[in-house]
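Database features, via Swiss-Prot:
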type    : residues                                                                                             : note
BINDING : Ala17, Phe18, Ser19, Gly20, Gly21, Leu22, Asp23, Thr24, Ser25, Ala43, Gly129, Thr131, Asp136, Asp194 : ATP binding site
BINDING : Tyr99, Asn135, Arg139, Ser192, Thr201, Glu203, Glu280                                                : L-citrulline binding site
BINDING : Thr131, Asn135, Asp136                                                                               : L-aspartate binding site
Amino acid sequence: MTTILKHLPVGQRIGIAFSGGLDTSAALLWMRQKGAVPYAYTANLGQPDEDDYDEIPRRAMEYGAENARLIDCRKQLVAEGIAAIQCGAFHNTTAGVTYFNTTPLGRAVTGTMLVAAMKEDGVNIWGDGSTYKGNDIERFYRYGLLTNAELKIYKPWLDTDFIDELGGRQEMSEFMSQAGFGYKMSAEKAYSTDSNILGATHEAKDLEFLNSSVKIVNPIMGVKFWDENVKVPAEEVTIRFERGHPVALNGKTFTDDVELMLEANRIGGRHGLGMSDQIENRIIEAKSRGIYEAPGMALLHIAYERLVTGIHNEDTIEQYHANGRQLGRFLYQGRWFDSQALMLRDSSQRWIASAITGEVTLELRRGNDYSIMNTVSDNLTYKPERLTMEKGDSVFSPDDRIGQLTMRNLDITDTREKLFNYAETGLLSSSASTGLPQVGQLQDKAEK
C-alpha cells in the first residue's frame, strides 16, 4: 500500500506540522486554495527563539486552516532528554565534546504527539517541512506510522506542482502578499536554525563550508564565549541526582522537570557550555556539519557521568558507553521507540541510573571549560583508603599482591608464545623500530 502521496489529495483532510514560518504558511494557504482541507498542528517544544506560541494557531486559521491546535510537548520532550542522559545516548563526539541529539529527541516527540492529535481529529494524512535530503523526512515517517498505521504522507516539498509554483522563498513571499497577507521575508541569515527546550541546531548555507567557524553563529541559548569582550565570570553550581533523575540545582529542588531544564539552560548558557561543532553522518550516509547548543543537557550530563564513574565498576561503565553509543545512533536514525532501542534504554535506566544518587559541584568558566570541585554520594565505590600511599591499615598486604602478580604468569606466558608464532609467520619484525618486544630475544618455542 502506498503511504507517500506525490500530489495533493483534493477534498481530503491534511494535517500539517505548522511552525508559522514562511514555508508552512505558504504551503497551508496553497493547499486550501487547491481544494484540500488543511488542519494545522503546532508543537510547543519550548523553543528559545519563539516569543508567542498562541499567535501561531491564529495565523494558521487566517491562512485557511479548518482547525488549528497547539500541542504542548515540553514535558514529554524533557522526559526523553533526561532518559537520553541516563543512557548516555549520544554517539556524535569530537575530541570529547558531545552533540546531545537534541533535534532527534525533538522529532521523536513531535512525530508521535502531533500524529496522535491528528488521529483524534480524524486526520490521516500528514505533511511537514522536511526535505528529501535530510534526516527528518525519515524520522517523521517512522514515528508517524508507528503512531498511526493508517497514516499517509503528503509533503508539498515533494509535490512537483507545488515546487513549480512556489519553489523558492521569494515566490512564497509574493504568493502570500498577493493573497492579502503581506508576508515579509525575514532577513536571510548565514545559516538556518532549529531549536527546542533541549538545544539548538545551526546548519546549512555558510556553515556547509568548513572554513566558516562557530564565530559566525549568534547563539540563542548562551553567550559568545569566544568573544573576549563578553564577560563570563566563573561560577560554581551544584547538581543533585536521585535514582538517576536530576532533582536540584544549587540547593533548589524542582518538582517540575521543565522548570529544572530551563534553569539548567540559564546556568549553562551564561558560560556557553555545551556548544559543539560536529561533522556527522546523516541517515543516508552523506556527511553534514552542524553547530550545536545544549547548555542544560551538557550541565546535567557532566554531573551524571561523574557520578557514574564514582559509583559503577569498570565493566558496567564500559557497557554503559557501548550501549549509549548504539542507542544514540538509533535515536539519530528515528528508532528511539524501536524494540532494540527500548531494550538498551531499559537496561541503562534499570541497572545504571537507579544507583545514581548524589551531588556534583562544578566550576563553570568559558565555553566547555570547567572543573569538578566536589562529588558526594552514599553510593560511591570510590574509597581512597583502599589505595592510600600512606602507612596504615590496608585491605590487602604486599604478600597478597605478590600472589596476584604470580597468577599473571599464566597469561604472560601465553602472550609470549603468541608473539613467537607471529614472528615465525612474518607478522612481527625483529626491528627495534616496531616498539614491540624484540622477538629475536624470545625463548625458542621448544625451550618453553
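Glycine is treated like the rest: Cβ placed from N, Cα and C.
It should be emphasised that the depicted structure is a prediction, and the values quoted were computed from it without experimental measurement.
DSSP assigns Arg139 (L-citrulline binding site) to a helical segment in the three-state reduction. Highest Cβ count within 10 Å among the binding-site residues Ser19, Ser25, Thr131, Asn135, Thr201: Ser25. Sequence-distant neighbours of Arg139 (L-citrulline binding site): residues of the same chain at least 6 apart with a C-beta under 8 Å from its C-beta are Pro104, Arg107, Ala108, Gly111, Ser130, Gln333, Gly334. For the binding-site residues Gly21, Gly129, counting C-beta atoms within 10 A of each C-beta gives the highest total at Gly129. In the three-state DSSP classification, Tyr99 (L-citrulline binding site) falls within coil.
Closest to Ser19 (ATP binding site) in space, going by CA atoms and restricting to the binding-site residues Asn135, Thr201, Glu203, Glu280, is Thr201.
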